[in-house]
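Each remark here refers to the structure printed beneath this line.
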């Protein structure tokens, strides 16, 4: 009767193996999403710093168009080497186009604000985007952004006001619009990435394509204005910085999109606030000047972001446990295995036993 015993033990092993798989995979997906989003925030902070370097010589139009051309070429080469279409499935192309449009507007307004205002002020104002995507849970981080902005505003207002190509009030409005567009970008990206097998390069391609298209349409209208005015002679350092802006922008978009496959849009926008902290770290390294209020504000952002991330992970783990528990009692008993008496009482069970006895 050894054949019968072997036959009865197999369903229990298979059932228990199927039950144990989903939870670790689910949790590891959230961890990957959080890490990808944090790395994306760092990449975007580096891009913002390089924009300030480029602005010493290049015009705003030079930076925006140069970045758009380079990043479109980078992503296009990826699809050419793979011999794949960059346009994605037909049923998602509307959402992907909307995502590209919102992302393009967010980055254009964001870069305009960065050039017009000090880096810390710009990123701090831009970091209010979680308010548009998630009204609850962002109070602590918002307080940090306010403290950071106050620290830099008093020191830089009189020094930079005469040299700005854009009124500071208008720059603040543009940054708030960029935050709103970025929140919309996050939500639409989550819409196309969650529960699909869509590659992250497809939404990034739409972002690059729409960026190039809209800038191509707008360039003739702004070419002769202050947006097209260069502030100095162009050197190879500025061109290298411009290439770095394009690379970091594409990398940040790619990581940000990958993260939204695994984490909700509200958590993603909150994690992207780490871009503010990353910017201050870069400012300390390359400029060597940061005030105590900025440090306190950055600390509050870190605390708020970390607490919200931990809360989201805890809720996700609890949901995964509650989703997996009913499966164990559907048709396999409380332990998820098939009882030997059920096998013996079933006609197939009798056939299996008779076959095993015949072999013996």
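Using N, Cα and C of the backbone, Cβ positions are placed for all residues, glycine too.
The compositional bias 'Polar residues' annotation in TrEMBL covers 1-13.
Residues or ranges marked as region 'Disordered' in TrEMBL: 1-26 (among others).
Annotation comment: TrEMBL describes 31-51 (among others) as transmembrane segment.
Sequence annotations record features per position, and here TrEMBL assigns domain 'EamA' to 32-140.
Summarising the annotation, TrEMBL assigns transmembrane segment to 63-80 (among others). Residues 51, 54-55, 86, 108, 111, 115, 201, 204-205, 208-209, 211-212, 215, 219, 242-243, 245-247, 249-250 of the same chain sit 6 or more residues outside the transmembrane segment (63-80) yet have a Cβ under 8 Å from a Cβ within it.
Summarising the annotation, TrEMBL assigns transmembrane segment to 100-119 (among others). For the transmembrane segment (100-119), the residues of the chain that approach it from at least six positions outside its boundaries are 48-49, 51-52, 55, 60, 63-64, 67, 125-126, 152, 156, 160, 164-166, 168, 170-172, 174-175, 177-179, 181-182, 184-185, 188, 203, 206-211, 214-215, 227, 249, 253, 279, 283, judged by C-beta separation under 8 angstroms.
TrEMBL lists 131-149 (among others) with the feature transmembrane segment.
Same-chain residues lying 6+ beyond the ends of the transmembrane segment (169-192) with a Cβ under 8 Å from its Cβ atoms: 88, 92, 95-96, 98-99, 102-103, 105-110, 112-113, 116-117, 122, 125-133, 198, 203, 256-257, 260, 264-265, 268-269. As annotated by TrEMBL, transmembrane segment applies to 169-192 (among others).
Beyond the ends of the transmembrane segment (204-223), by six or more residues, the same chain brings 61, 64-65, 67-69, 71-72, 74-76, 79, 86-88, 96-97, 99-101, 103-105, 107-108, 250, 253-254, 257 to within a C-beta distance below 8 angstroms of the stretch. Under the heading transmembrane segment, TrEMBL lists 204-223 (among others).
The transmembrane segment annotation in TrEMBL covers 235-258 (among others).
Feature annotation from TrEMBL assigns transmembrane segment to 293-311 (among others).
Positions annotated as region 'Disordered' by TrEMBL: 321-360 (among others).
What TrEMBL records for 339-360 is compositional bias 'Basic and acidic residues'.
Regional average pLDDT for the domain 'EamA' (32-140) in the model is 84.
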